[in-house]
Amino acid sequence: MLPIVKGNRIKELDQQFAVSKNITSVDLMEQASDAFSNWFCSNFEDRSLSVYVFCGSGNNGGDGLAIARLLDQKGYSVTVVYFEDVQLCSEDYQSNFNRIPESVTLVKADAWDGEIAEGSIIIDAVFGVGLNRAIGGAIHNIIDLLNSSSAIRLAVDLPTGLPAESVVDGLAFHADFTLTFQFPKLSLLFPEHIKFVGELHLLDIGIDDEFLEKFQGNSFYIRKQDILGRHKSFHRFSHKGDFGRVLLIGGAPGKLGAVSLSSYAALRTGSGLVFCAPEFEEPLEIQFPYEEIMVYQTRANADLSVMDAIGIGPGWGNAIDPDYFLSIMVRFDKPMVIDADALNLLAQNPKLIKYVPENSILTPHLKEFERLVGKMEDHSERIESASLFAVENKVILVLKGAHTLIALPDGRRLFNSSGNQYMATAGSGDVLTGMITSFLGQGYTPENAAICGVYQHGLAGEMASVAKRRGMIASDIIEKIPDTFIDLGIK
Ligand SMILES: NC(=O)C1=CN([C@@H]2O[C@H](COP(=O)(O)OP(=O)(O)OC[C@H]3O[C@@H](n4cnc5c(N)ncnc54)[C@H](OP(=O)(O)O)[C@@H]3O)[C@@H](O)[C@H]2O)[C@@H](O)CC1
Ligand SMILES: Nc1ncnc2c1ncn2[C@@H]1O[C@H](COP(=O)(O)OP(=O)(O)O)[C@@H](O)[C@H]1O
Ligand SMILES: [K+]
């Protein structure tokens, strides 16, 4: 998995990597700038475009100067606006300043007329991970101006003004696209920053994962290539028992759809047998839209030990007796998936938390998480409390949203890369519960069930949204689950 290295370690990483490859830091800057300009050329093919590059005094500005030179070579019309006298800038900035060809218009910010031709592109290379205070003075005025421009805005590594790990305080550049080097900086994944980050892309600048691991902390980014190796394979003689017997508990009158979506998602994820226990007086009379789902009674002393996995909570309603929930946890006594109304029940009865089986997977969205632990200031605080909750309670906490966080009981924090805004539709969380429960029932470790479930849920959402966009609904996500196995090469 890709380490999300902290901003304050990146300089050291840069230097050590350059030494290990027998190159200079300015060579690495060239590799980064080359990756940026290649991305630029394949996304903005019209060479008659005017490009304005804004350069700060550090290495982010150095990248900007190298990018300006490379785009000029490719035939774009390039203007560089810079802020600081060159002798006061970083060494690699100075090398690139000296290489700026005459064909690039070079203008100091205080002499710039503030004009940006219609249809131009702005590149922000003012500050990256070296930001150490709020933006002020002339830079503030120019960023303000750029933010109100109709031009397309690109940020190099990090939009200027965003700190690498915390929430922005004051002004920041509003990018339409952020092209970040090698790995995402943590703050690029915060919901508060979506208007600054725009569409996020990672650019490979040649630093291998093995080298990055030397600088890893507790945060990682889940990519497509991390999934295949976490899957189990089944063979020609596997029978439905091998694929697991799972139970989904939930669905009160008026909310049957939720648990029905979870159950159907579990079937599409590969479960051999899917049972559902809806919260009705006469559950056996319930007709599900999917005939493959069987009804199970969990009241009284029904044997839960015959189940390989249980997912509990979708549409369960708010009239559940906490003792009944407790009896399910005690009777089952293996990791389970806890979602929606079951999480609300935990929030209302905190004493129940100690009965949650170890390594269970809790899947709150932001509101449900706040009900569990109290109100939080911002995403940075949310990440810390999710991680603390997972460690203290020995559970896996899946904090849902864009870049869903999987907080593991050993303190690692995994951020998801798949999914998109079209998944913000009723029932898509119920689908996730069904998928994770299914993997757990197929014998995956809770960690792998959570990782594969979260990643593939996002991938299925991406696939379904290609044809449906904002018209996508939760059952469209379910229909694409089988395609995710094909796309990932999983047998
Ligand atoms: N391995 C990689 O990932 C690679 C990284 N690379 C690139 O390096 C970038 C990091 O470069 P960096 O460390 O030089 O920091 P950067 O962001 O340019 O700014 C620091 C300068 O800004 C100043 N300053 C700070 N805040 C300020 C403020 N509010 N207002 C005014 N000034 C402020 C501060 O000066 P100070 O006044 O504090 O002395 C300092 O001089 C990284 O984001 C990426 O683009 C690639 O080249 C190669 C591979
Ligand atoms: N912008 C987004 N990007 C990626 N995934 C998203 C986005 N918005 C929502 N999702 C995903 O959709 C699901 C929504 O779950 P939830 O809020 O529980 O919805 P519901 O209660 O309607 O089922 C989560 O898995 C979440 O990660
Ligand atoms: K920048």
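Cβ from N, Cα, C; glycine included.
The feature (6S)-NADPHX binding site is assigned by TrEMBL to 59-63, 128-134, Asp157, Ala258, Gly315, His365, Asp430. In three-state terms derived from DSSP, Asn132 ((6S)-NADPHX binding site) belongs to neither a helical nor a strand segment and is classed as coil. Residue density at Asn132 ((6S)-NADPHX binding site): 10 other Cβ atoms are found within 10 A of its Cβ, drawing on all protein chains shown.
Shown in sequence order, Phe54, Ile143, Leu146, Arg153, Leu154, Ala155, Val156, Pro159, Thr160, Phe173, Ala175 are the residues of the chain, 6+ apart in sequence, with a C-beta less than 8 angstroms from the C-beta of Asp124 (K(+) binding site). The annotation K(+) binding site is assigned in TrEMBL to Asn60, Asp124, Thr160.
Counting only same-chain residues at least 6 apart in sequence, those with a Cβ under 8 Å from the Cβ of His403 (AMP binding site) are Leu189, Phe415, Asn416, Ser417. His403 (AMP binding site) falls outside any helix or strand according to DSSP and counts as coil. The AMP binding site annotation in TrEMBL covers Lys400, Gly401, Ala402, His403, Thr404, Gly429.
Look at TrEMBL and you will find 10-213 tagged as domain 'YjeF N-terminal'.
Sequence annotations record features per position, and here TrEMBL assigns domain 'YjeF C-terminal' to 223-488.
Ligand 3 lies under 6 Å from the Cβ of the following binding-site residues, listed in sequence order from Gly62, Asp124, Thr160: Asp124, Thr160. Restricting the binding-site residues Lys400, Gly401, Ala402, Thr404, Gly429 to those with a CA within 10 Å of the CA of Val129 ((6S)-NADPHX binding site) leaves an empty set. Neighbours of His365 ((6S)-NADPHX binding site), defined as other CB atoms within 10 A of its CB across all chains, total 17.
Considering only the binding-site residues Lys400, Gly401, Ala402, the residue whose Cα is spatially closest to the Cα of Gly62 ((6S)-NADPHX binding site) is Ala402. Highlighted in sequence order, Phe54, Gly56, Gly61, Gly64, Ala125, Val126, Phe127, Gly128, Ala155, Val156, Asp157, Leu158, Pro159, Phe173 have their Cβ within 8 Å of the centre of the Cβ atoms of Asn60, Asp124, Thr160, the residues recorded for K(+), and are not part of that set. Shown in sequence order, Val398, Phe415, Asn416, Gly419, Val454, Gly458 are the residues of the chain, 6+ apart in sequence, with a C-beta less than 8 angstroms from the C-beta of Thr404 (AMP binding site). Within the same chain, the residues at least 6 positions away from Asn59 ((6S)-NADPHX binding site) whose Cβ sits under 8 Å from its Cβ are Ser25, Met29, Ser90, Asp92, Tyr93, Gly128, Gly130, listed in sequence order. Mean model confidence of the domain 'YjeF N-terminal' (10-213) amounts to 97 (pLDDT, 0 to 100 scale).
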